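Chemist: The structure follows.
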């Protein structure tokens, strides 16, 4: 997490000058125990410290700022706040990395590993051997963690002692000599005095290729940080009580020194986020091996640009440059804002010199750590091979023991199976005998049942044949009787058909005669023609017909009478309705005439009243128009006089502003010339590179790395 910093403070940084005291370690929750750490220092500093040209901070907001450095800061204690709980990103303190470097321990070796990872690395191991290796690894990891925590406490005590103890003159002279030798060493290389030397990683990679185990532990190369974050002395003194909280950062760091040695140093890269670390070993520092703090006395202190730019030496240096510019150019005083910019430029130059010293010490320490790491890897490989051989022998002994036990169990099982087989054979023979007896009994019983069934079937067959014979005889007799009845019925039908044909012919003749003589005579002839078969029914039908005819005649007469009565009533109703309609129309005509007369009278009255109102409104409008015209003329006169007065005031104000602007422009030009000469003087003394030059150097380094 990053402290919020105003834009004015961010604008005061030159490219590559935001120093870093923190490294960000990304530890995913599902990859605890993995040997490949995530890329560090990529999320906190890469986005916060982008190189850009210097922008002057606002002098008016200078009084309300914090007492810390004006640059962007990383908070060493922000993982104690509630907002950081459950975050995947943990800030790793540089003290933790320094403690790991002193103890020759890689921070990734302090991470816990799962038992499944050890089993996955060596599929041939048994679970007992893997469990033993896991317990040994955990014990070694806890010992290393305790050792690194103790070393970190010792580093914190040394830093506190240095913070409150001024440097001796001898130490100051040694630091100045180292600062003087660093630029000369840097200028002999292909880059400028402020650029970094190339890392010896390619040479180390050509000397010894990594073993399979070490290749697994090497993390992917982390992206170089574009800026440096410095923890100010004031913030450190205020928060020294909560320094113990960074132990979690040491245990969750994903830092690896070998991955950084495999990269070339980009220009102005941080020296704090590339602290060397050894491989997995719990040995402490050798008595003759120098640490980073013993090589360079100043590396134990944590500086920021705010600390360097507010120091008395920087203030005296800036004052001397200002006096020199006044004497040479004869200009007026330099503003406080430009003085702060000059002090910041000098502080950056001092910080670069300090970082050069730290890098030189780190490169020497890295070379020594590489040799020790190679020896430790070889020793660990031998120990792993020895443990693997022991595991194989134990596994072979267990296999032999299991094989003998399995043979005994198989022989015992064979004997049990033999006894069971013999018992089953006896039971099978007894069962076979019983089944044979049962089969013979069933066969005899089935034979008896078959004989009885055959006898019964023969009897049933005889009875069925006799029944069939009787049925055939009865059927033949019935068929003959049916044929006789059919013949008689056919004869009767033929006689009936002939009679019907004769009757039909007579009926046709009678119908033809009835058409000529009339319906009454036709009905009488039909009754005479059908009297042989329908005499009784025809009489009733005739009676019914006569009754129906009479009833129909009566109904027709009644209906005709009702229709005539309804016709007379409808005619009377129509005449009455016509008379009523005629009277209604006459009444409507009279009412319409009355309404028309009333409407004509009302319209005439409305026209007269409207004419009177129009005349009155015209007179009122004429009076209002004359009053408005007089008012507009008066307003125009007032506005014209006010406009003339305002134009006069504006002309006077414009002349005054022109005079003030001319004087302010002259003053600003004089101040700008003084500020320019002060900055040029500071650049000449510090030989600071420009942003374009840094871009060209970065492109050159990138092309050399690709080659």
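If you go along the chain as it appears here, the first residue is 1 and each next one adds 1.
Using the three backbone atoms N, Cα and C, a Cβ is placed for every residue, glycine included.
Here's the feature list from Swiss-Prot:
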- 1-65: region 'Disordered' (REGION)
- 38-49: compositional bias 'Low complexity' (COMPBIAS)
- 183-215: compositional bias 'Low complexity' (COMPBIAS)
- 183-294: region 'Disordered' (REGION)
- 243-258: compositional bias 'Low complexity' (COMPBIAS)
- 311: phosphoserine (MOD_RES)
- 364-605: coiled coil (COILED)
- 372-426: region 'Disordered' (REGION)
- 377-392: compositional bias 'Basic and acidic residues' (COMPBIAS)
- 399-426: compositional bias 'Basic and acidic residues' (COMPBIAS)
- 454-484: compositional bias 'Basic and acidic residues' (COMPBIAS)
- 454-581: region 'Disordered' (REGION)
- 491-514: compositional bias 'Basic and acidic residues' (COMPBIAS)
- 543-581: compositional bias 'Basic and acidic residues' (COMPBIAS)
- 597-637: region 'Disordered' (REGION)
- 618-637: compositional bias 'Basic and acidic residues' (COMPBIAS)
- 652-664: compositional bias 'Basic and acidic residues' (COMPBIAS)
- 652-707: region 'Disordered' (REGION)
- 665-675: compositional bias 'Low complexity' (COMPBIAS)
- 677-707: compositional bias 'Basic and acidic residues' (COMPBIAS)
Chemist: Measure the Cβ-based neighbour count of residue 311 (phosphoserine), defined as the other Cβ atoms within 10 Å of its Cβ.
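Modeler: Around residue 311 (phosphoserine), other Cβ atoms within 10 Å: 16.
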Chemist: Can you work out the mean pLDDT of the predicted model over the coiled coil (364-605)?
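Modeler: Mean pLDDT, the coiled coil (364-605): 84.
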Chemist: Is it possible to list how many residues within the compositional bias 'Basic and acidic residues' (543-581) are helical, extended or coil according to DSSP?
Modeler: 39 helix, 0 strand, 0 coil
Chemist: Helix, strand, coil: count each for the residues of the compositional bias 'Basic and acidic residues' (652-664), based on DSSP.
Modeler: 13 helix, 0 strand, 0 coil
Chemist: Cβ under 8 Å, sequence separation of at least 6 from the ends of the compositional bias 'Basic and acidic residues' (543-581): give me the contacting residues as numbers and ranges.
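Modeler: Beyond its ends, the compositional bias 'Basic and acidic residues' (543-581) has no Cβ neighbours under 8 Å.
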Chemist: Are there residues at least six beyond either end of the region 'Disordered' (597-637) with Cβ under 8 Å to its Cβ atoms? List them, or say none.
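Modeler: Apart from its flanks, the region 'Disordered' (597-637) reaches none.
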Chemist: Under DSSP, the region 'Disordered' (372-426) has how many residues in helix, strand and coil?
Modeler: 55 helix, 0 strand, 0 coil
